[in-house]
Ligand code: FES
């Protein structure tokens, strides 16, 4: 296991002992993602293997839990004696009626998934869980006077951010329309089927739902199978002319998202209009090897972090461990969730020195160009590195 628990007396907290940031703290520090205990208002069963969990947001936290459609919340809980964190997309539109004080996420059960099993089987209304404020860059600003065609390609639980994005676009852009290509195994496993049918009624002529099932016969052969390249090409040719689409949203397993993105770019779509989020990464790269470090060894590099208005200097005995792992030894408040380069929760800006990332499925090229990195994937290249989580 990566050694992330042994405290080291070599780290220096340059503001240790100072009071926690208050309203006088810099705006960026105030808005950094942080956990708050939230009460579960409802747990609704969506399918045999998925629930929607709704949290109550008290008045004083409304501003912190304001969100952009497509963003996610990270839930933290102690399960069988271990802290577990997992991110779940917010599945409500920005202006959903009666939801101002509520945030709803959808949780599909994952085999062996401790958090998804806990939320599906154990959690009940009235329980209190730690929930991080919203994060994520799978977003697209709406334009009230826009006349656009928004098209989403989603599979399985990839619907969760997409339903928020498309519903918000339909509600906030009266001149726009939306199409959803939605892949599932069978009808009984489709999350939000009723809500999607309702969207067709609420926005007649403006919302088109194309359901593709891999393990259930369909009247139309085109809609039976997986949302692979061949099927997407056929659907584009028959129903969704690519050159008449303004914004694309891709969400689901790695292969589906990368396959669809490749196809769109080959068709000449501007990458700036292709928004994507990956739920499971299987890119063939070797899994991250656990790194055990001797915290008493001379440092190979030194990392200085600014987090929540406090600066901490952290010696790193090995450049092989990630900056996040080194940071957590002394700053357990550092934000993270997936530790796999997918969710973006651990993002920070490099303000001095140079780092390299193992992989990145969360940041856009322009964010990387601006010096944003994922701490869970970053290793120092230079002897001294400074990261600002508040920037
Ligand atoms: S913790 Fe998810 S990308 Fe780093």
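Even glycines carry a Cβ here, placed using N, Cα and C.
Remember, TrEMBL labels are computer predictions, not curated facts.
Taken from TrEMBL, the feature compositional bias 'Low complexity' applies to 17-28. The domain 'FAD-binding FR-type' annotation in TrEMBL covers 33-141. Annotation source TrEMBL lists domain '2Fe-2S ferredoxin-type' at 301-391. Under the heading region 'Disordered', TrEMBL lists 1-30.
Remark: secondary structure over the domain '2Fe-2S ferredoxin-type' (301-391) totals 16 helix, 34 strand, 41 coil, with classes taken from DSSP. Taken residue by residue, the domain 'FAD-binding FR-type' (33-141) breaks down under DSSP into 11 helix, 50 strand, 48 coil.
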